[in-house]
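What Swiss-Prot says about this protein:
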type	residues	note
BINDING	Y36, Y162, Q166, D169, Q184	L-tyrosine binding site
MOTIF	235-239	motif ''KMSKS' region'
BINDING	K238	ATP binding site
Amino acid sequence: MNIDEKIKLITRNTDEVITIDELKKKLEENSKLKGYIGFEPSGLFHIGWLIWAQKLKDLIKAGVDMSILVATWHAMINDKLGGDLEKIKLAGKYALEVLEGFGVDMSKLKVVYAEDLVENIDYWSLVVKVAKNTSLARMKRALTIMGRRSEEAELDTSKLIYPAMQVSDIFFQDLDIALGGTDQRKAHMLARDVAEKLQRKKVIAIHTPLLVGLQGGQRMNTEGLEEDDYLATIKMSKSKPETAIFIHDSPELVESKLKNSYCPKGVVNDNPVLQINKYIIFGEQGVTLKIERDTKYGGDIEIKSYEELERIFIEGKLHPLDLKLATARKLNDILDPIRKRISSKSQFVDLISSIEKSITR
């Protein structure tokens, strides 16, 4: 794979790469790039997470030395799973099991736990230095990386440490690339801004889109919201299970949820069914989506790219229900091996049951 092919693979289906010029320069230097994705083991794994998981696969395929940070302490600070660290750790193992079922090559992925970082005094030295070089106002604004608003900094002081910890995660691992959803942008930009002051690498930030919830963006009262708050309002969320498809949902439930999802005829903007196709189904190269329909409605068709799918949908040549049913079939094909892995292990079945009974946000 040459440099142009690597850049195309790394940048496809991303919202932004900061910056592509820096990425190209690093690749041209022929250095072995180190990247990471960090995630909070905060509960049930929904299909929105498969977007960054697919990009993780792309980066590994492009030859980037990737690690994944199981951010257990971060989840505790963020009050996930009641702050129960043991339950959070189990949720981390569950998420790694999902990634393996999704086809992530775990032999090429280094797994790092927050415990590996926080036991090192040099890590906390970095946290203090990052905090020292960041204003209180900016630290509060960065709380959106936790799925919180700036005013929630008043909940407890540990919330203010969180952004400095995330920046330190990057510096401590001496990374070239930080992968995350667009909701992680403020942490990554903070890392880039502070890097020079601390004589650290200016990390390349790769941001994947957030999958809109099944309700779409058109049914929500979002007028006047800032972009971060708007995205937080419409995104698929495990705390709003009616808006989400979970990886353990039965095939019948997946189909039912998609049949009831927002997908107006010819409308692309904030359309969850189209987004699932763009970022998850067509996230892999060489995929075909088969639309099954009666001959009186045009007969079966095979769609070989997302661009083709979007075009015929806009032109009104594809009925929303036909698209929903085809999407359900293809999505279930993707979820099937994941469901089998999770359902075969009682500790994860019990975890899912426990979380479903106590979803708070």
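From the backbone N, Cα and C atoms, a Cβ is placed for every residue, glycine too.
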| message | Quick check for you: of the binding-site residues Y36, Y162, Q166, D169, Q184, which have their Cα within 10 Å of the Cα of the residue listed as 'ATP binding site'? | response | none
| said: For each of Y36, Y162, count the other CB atoms within 10 A of its CB; which of these binding-site residues has the top count? | reply: Y36
| remark: DSSP output for the residue listed as 'ATP binding site' maps to coil
| note | Span of Y36, Y162, Q166, D169, Q184 as binders of L-tyrosine, largest Cα separation rounded to whole Å, comes out at 17
| request: Restricting attention to the motif ''KMSKS' region' (235-239), give the mean pLDDT. | output: 82
| query | Which chain-mates of D169 (L-tyrosine binding site) that are at least 6 residues away have a CB under 8 A from its CB, listed by sequence? | reply | Y36, G38, L69, A71, L117
| field | Helix, strand or coil at Y36 (L-tyrosine binding site) [DSSP, three-state] | value | strand
| remark: Within 10 A of the CB of Q184 (L-tyrosine binding site), the number of other CB atoms across every chain shown is 24
| field | Those binding-site residues listed as Q166, K238, and which of them has the most Cβ atoms within 10 Å of its own Cβ | value | Q166
| request: Look up Y162 (L-tyrosine binding site) in the DSSP assignment and report helix, strand or coil. | output: helix
